[in-house]
Amino acid sequence: MAADESVFLRAKDRSYKGLTEDEQKEWSGPFYFIQAADPQLGLMKAWRIGDCDSGGDEWDEEVQLTKQAVQAINKLQPKPRFIVLCGDLVHAMPGSPFREQQIKDLKDALRGTDPHIPLVFVSGNHDLGNAPTPDTVEQFCHEWGDDYFSFWVGGVLCLVLNSQFFFDSSGCPELMEAHEVWLENRLQMAVQTPSRHVLVFQHIPLFLRTPDEEDDYFNLQRGIREHLIQRFKRAGVKAVFSGHYHRNAGGCHDGLDMVVSSAVGCQLGDDTHGVRVVVVTENNIIHRYHSLDQLSERGMDEDLKKLLL
């Protein structure tokens, strides 16, 4: 069973097995990865019946959508360098009924992923609780690996953050402080260590449209947001990828691209179930949301594929 779980536990000791600086520091040419968000097993029925505060007692739809995503990604040629799931893996909050089974069923669906494609997990509010505690963070790490860490892919430095600490760290101030010390260290390293690009992955967006927008459930509080943007720009961060909104959104600000991707699972707007294809070239990050049906039937868009040549 331990070996069976290892695919979900590669993020350890604040790094990621197989995607370390020693192994992946050098630029090796254009590549792409897949960003997915919010499979959130259990939300679709809960949203339909207006009972989102419960854990969601049915999730067959989300399981099938996750399997469709996995099958479509497995068929892509060339293969993506990794898949990152940007939080809200299941709907049931820590300690809620159905949570254990939702996690099991999501893992079963994800086990179909080509073993050559690493799975990177980001923690969301439904994974940790809106106000995380040491216990809920420990539970997440037990199931999915570290809640924050860095990794390298082909000369690109990637930072996975626990954005719930930015939202409400009142239940775990010491963990928040450790995260802050680590993040500052990583951002300083980004300045001092040559990399082709620096990318950030977190669940909650910095902003949905513009950095000066009003505070909202779906973005980070303005003071925190502005401070992070300043730090990210100083460190040369090119793009921040998130989910949480269950709609596509985002915008560029002074060279920083805030990318908000809609969900594999429940849609709260006019988008459809999908994932984002992200192409990394020597000078640019180019990305486009693909519906699961499109990805299944036609694969990634040809103009994106040509960028890999």
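Count begins at 1; order follows the chain as displayed.
Placement of Cβ uses the backbone N, Cα and C atoms for every residue, glycine included.
Here's what Swiss-Prot has on this protein:
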BINDING   D51, D88  divalent metal cation 1 binding site
BINDING   D88, N125, H244  divalent metal cation 2 binding site
REGION    47-250  region 'Catalytic'
Neighbour tally for N125 (divalent metal cation 2 binding site), based on other Cβ positions within 10 Å of its Cβ: 20
Residues that sit under 8 angstroms from H244 (divalent metal cation 2 binding site) by C-beta distance, when 6+ apart in the chain: A37, D38, C86, G87, D88, G124, N125, H203, I204, P205, F218, V260
Local confidence of the prediction over the region 'Catalytic' (47-250), expressed as mean pLDDT: 97
For D88 (divalent metal cation 1 binding site), the number of other Cβ atoms found within 10 Å of its own Cβ: 27
DSSP state at D51 (divalent metal cation 1 binding site), helix/strand/coil: coil
